[in-house]
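What follows is a single structure, written as structure tokens, with notes after it.
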Amino acid sequence: MNCFDRDCCLNKGYSAGIFQNFNITGVDEAGRGPLAGPVVAAAVILNPMRPIEGLADSKILSEPKRNSLSIIIKETALSWSVAQATVEEIDELNILQATFLAMRRAINNLHVQPDEALIDGNCIPDLAVPARAIIRGDSKVKAISAASILAKVERDKIMCGYYKEYPDFSFHEHKGYGTKQHLAEIEQFGFSDIHRRTFNPVKSIIIQMEAK
């Protein structure tokens, strides 16, 4: 793992798309912070001949905008892939290593071999391809923006599906994040099979149960 304390000096070049002789994949994740559910990663190789308007960090886009862009990305990208690391893998490995695992899976599932991977953030997982970390890359590099959108849309879909299995928890609304509503649900109903055992407050609840 390599970590950097400053932005990659090539941000502007990648954002402007001047490295079009290479298949560059943008990589981002969704779901590192929630108390429940998987962490999802996406990898996207954009088609320089088919630019997509409106790509941005998924966190600043509305849900309808993310959904519409997700369709366009899948239709126009040279290659895209979405993968996840499960709750069990998160608890076993820790959230950072589970995120790296999801990223590796996403990159490995691309049907076009990338020449380089651009990773959002300041850390790089061990990969079979050259990689660079770009701080705030989801707002600077279009391929990373696209990956952030696919990861977010996929994870939201997964969490909405979990609401049908666990109706005591409003996963379709809070998506597993530690909102007041979610914390109140945990206090009332305990925790489900998809809650992360190594994240508080579930971790504290388990410790209290084992101490009795």
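Every residue, even glycine, has its Cβ placed from backbone N, Cα and C.
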According to TrEMBL, Asp28, Glu29 bind divalent metal cation; which one of Asp91, Asp115, Asp120, Asp126 is listed for that same site?
Asp120
Residues within 8 Å of the Asp28, Glu29, Asp120 Cβ centre (excluding the divalent metal cation site residues themselves):
Val27, Ala30, Ala41, Ala42, Met103, Ile119, Gly121, Gly137, Asp138, Ile144, Ala147, Ser148, Ala151
Sorted by position, what residues of the same chain at least six away from Asp28 (divalent metal cation binding site) have a C-beta under 8 A from it?
Ala41, Ala42, Ser58, Ile119, Asp120, Gly137, Asp138, Ile144, Ala147, Ser148, Ala151
